[in-house]
């Protein structure tokens with residue numbers, strides 16, 4: 001098995017683990033972390049596309065690699081925005097969860 | 001089995017194992033520590049894919065800065081004293097999610113194993129960009145980022161600014177204009193201060209070097225800027241520096257400098273080189289380094305501001 005194929009399979013496994021964590025972990029920050037795992041798995045699969053596209057004297061195709069670099073930075077920016085929203089939500093609702101059922105107060109007397 | 005394939009398999013198992021740990025770990029902090037280790041291991045995988053530029057970015061941004069972001073967020077969440085976390089899903093949903101995850105991963109693995117051959121490639125076009133309008137840039141990645149796909153790179157800097165604006169606007173109305181909360185509440189101990197005093201100047205030099213050699217060797221504006229940002233955060237964690245007020249004019253100018261200079265030079269290309277985001281033949285390399293210098297500044301300022309979070313405290 002060549003290194004690119006192996007890395008691609010690792011990428012596929014990372015997407016799987018990340019997806020599972022995203023659905024099953026109730027903590028919003030850990031959902032975010034799991035989502036970042038999915039992202040890096042996708043980047044890795046794209047990375048083997050870059051490696052396989054070796055041509056014109058390069059050992060890799062520079063275009064997908066440049067896009068992955070851009071992608072990593074944008075993924076970080078999106079994560080930072082998500083963290084700010086999660087912290088604000090926790091400060092406003094007093095609860096660390098994304099489950100809307102937890103925010104509705106039990107004694108609101110049916111006032112809705 | 002020779003050494004390199006064995007290393008590859010070992011590395012692959014390590015990456016997948018650490019990824020599984022970050023999902024399975026009992027508490028958030030352990031999970032984030034796992035994620036940082038995972039980022040560093042992933043950088044090694046990128047090196048094996050002949051992608052040192054991506055490896056540098058992954059190690060600095062994917063592992064390091066994201067790790068700081070999540071650790072800081074976890075501490076701030078604890079300080080809110082709202083310990084009530086939602087309940088984990090039931091067994092049925094877990095099995096269903098596991099099956100779905102396995103299905104998606106399996107489909108992706110199948111795609112990886114059946115990729116078309118010969119593989120499509122844009123490498124010739126990138127080689128042309130590196131040799132032609134890029135005027136002798138030795139690093140094809142930098143040529144693609146600044147010349148071949150320059151518009152994307154400019155817009156990506158705009159995305160960074162939009163994210164900073166988004167983070168700032170999440171703060172309370174009354175705090176607008178004030179500085180974000182410090183990266184750590186308590187005074188750090190002597191070891192942290194000493195580390196910051198020794199590491200920050202060295203890291204600063206390495207960051208500028210990585211930006212400078214990026215025209216011809218692995219490195220560039222992203223990687224250098226991220227390293228400078230990390231050094232800024234080390235200084236903030238040691239409380240040798242504090243986050244600046246968000247209504248500071250210097251801060252805002254530094255944030256927009258990168259995309260603004262990029263845009264101005266790009267539009268000037270219409271008059272000087274007959275095309276939007278084209279560079280005049282004999283003057284391309286200095287111009288590209290000029291643009292990149294301002295991009296380094298913007299990245300080095302934007303990343304710490306994203307980690308610091310919304311303004312907090314009383315405006316003056």
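Each residue, glycine too, has its Cβ placed from N, Cα and C.
These figures come from a predicted structure and were not determined experimentally.
Annotation source TrEMBL lists domain 'MrpA C-terminal/MbhD' at B:13-77. What TrEMBL records for B:194-302 is domain 'Na+/H+ antiporter MnhB subunit-related protein'. According to TrEMBL, the transmembrane segment annotation covers B:6-25, B:32-49, B:55-74, B:95-113, B:158-179, B:191-215, B:221-241, B:253-272, B:287-308.
Mapped onto DSSP classes, the domain 'Na+/H+ antiporter MnhB subunit-related protein' (B:194-302) shows 83 helix, 0 strand, 26 coil. By the Cβ criterion (distance under 8 Å, sequence gap of 6 or more), the transmembrane segment (B:221-241) is counted as touching the transmembrane segment (B:287-308), at least 3 such pairs being found. Looking just at the domain 'Na+/H+ antiporter MnhB subunit-related protein' (B:194-302), the mean pLDDT is 87. When DSSP labels each residue, the domain 'MrpA C-terminal/MbhD' (B:13-77) comes out as 59 helix, 0 strand, 6 coil, counted as helix, strand and coil in that order.
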